[in-house]
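Record features, source TrEMBL:
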- 20-48: transmembrane segment (TRANSMEM)
- 77-99: transmembrane segment (TRANSMEM)
- 111-130: transmembrane segment (TRANSMEM)
- 142-162: transmembrane segment (TRANSMEM)
- 174-197: transmembrane segment (TRANSMEM)
- 217-237: transmembrane segment (TRANSMEM)
- 244-273: transmembrane segment (TRANSMEM)
Amino acid sequence: MTELIGIAQSKSETHSHRLLNLAATAWFVVTTIGQWAFGAYIVAFYGASTASGNLKRWNEVLPHGYVQGDWAGNMVVGMHVLLAAILVLGGPLQLIPFIRKNAPTFHRWLGRIYVATALVVAIGGFVMVWTRGAVGDRVQHISISIQTVYIVIFAILAWYHARARRFDIHRKWATRLFLVVSGVWFFRVGLMCWLVINGGPVGFDPKTFSGPFLTALAVFTYALPVSLALLELYFYAQKSRKRFIVMAAALLMCFVTLLMVIGIFGAVAGMWLPRMR
Ligand code: HEM
């Protein structure tokens with residue numbers, strides 16, 4: 001896993017670098033489990049309701065999901081939620097070094113599909129927010145719209161550098177793309193972690209789905225993603241010889257992973273599993 005997200009480790013690997021790799025591996029394993037749980041929910045809920053023609057069922061979750069007579073809008077929503085499964089199920093596979101090395105053709109094709117899907121889903125989501133409306137307030141809508149811009153730019157850069165065979169740069173942009181595409185997942189996991197820790201809604205009104213906590217969560221997952229800052233710290237720490245930096249990055253990743261475990265548990269138990277039944 002030393003090349004988990006693309007940067008080869010130096011030969012003189014120190015204890016702190018080993019800890020960093022361990023933290024990155026733990027983060028990646030937890031992320032993969034959590035994203036696949038989200039993917040299983042998407043397939044079981046949206047896949048099953050769409051396949052059986054029961055599109056009204058979308059509205060059990062989405063306040064602006066199925067609207068009778070608006071076939072174009074319904075198609076945008078349907079494509080958004082169904083194609084999202086490709087992103088959350090396929091994304092983690094792209095980061096696994098074993099697959100990149102041993103199944104390069106699979107990696108290339110999944111990469112093309114992933115980039116195209118990310119563009120369609122993100123732009124579709126943008127259209128949904130500004131035509132049909134979405135839960136939450138204006139700051140949340142603007143924040144997630146800024147994320148669409150990141151997704152479009154990072155998708156183009158990841159694809160461009162892969163085409164030019166600059167694989168080190170490609171891996172960095174592809175990982176950044178994975179993190180911004182995962183923004184909606186981070187938002188859900190962050191929200192559920194907060195609810196579990198506080199034992200209920202604190203810092204926001206669940207009826208209007210707005211308040212200071214949700215404003216901060218939207219800004220720091222979508223508009224100014226903390227995940228990207230952590231990734232840059234990880235890239236920096238991988239090359240750093242300063243023990244303090246490497247240890248700080250490793251411990252921070254462990255802490256974030258712990259919060260994610262709590263959030264994923266909350267999301268699976270409180271949100272996804274009940275809707276899959
Ligand atoms: C690219 C990664 C994305 C994925 C994987 C994704 C996935 C999903 C999923 C699964 C849902 C259904 C909600 C649920 O059942 O919990 C959903 C809803 C929605 N998404 Fe996305 N989405 C992505 C990006 C975006 C973006 C960038 C926007 C907006 C700019 C957006 C806007 C929406 C809206 C408006 C809804 C309907 C929920 C509501 O009314 O608030 N999505 N998305």
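Using N, Cα and C of the backbone, Cβ positions are placed for all residues, glycine too.
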Contact yes or no, the transmembrane segment (142-162) and the transmembrane segment (77-99), 3+ Cβ pairs under 8 Å, gap 6+:
no
Any chance the transmembrane segment (244-273) and the transmembrane segment (111-130) have 3 or more Cβ pairs under 8 A, given the pairs are 6 or more apart in sequence?
no
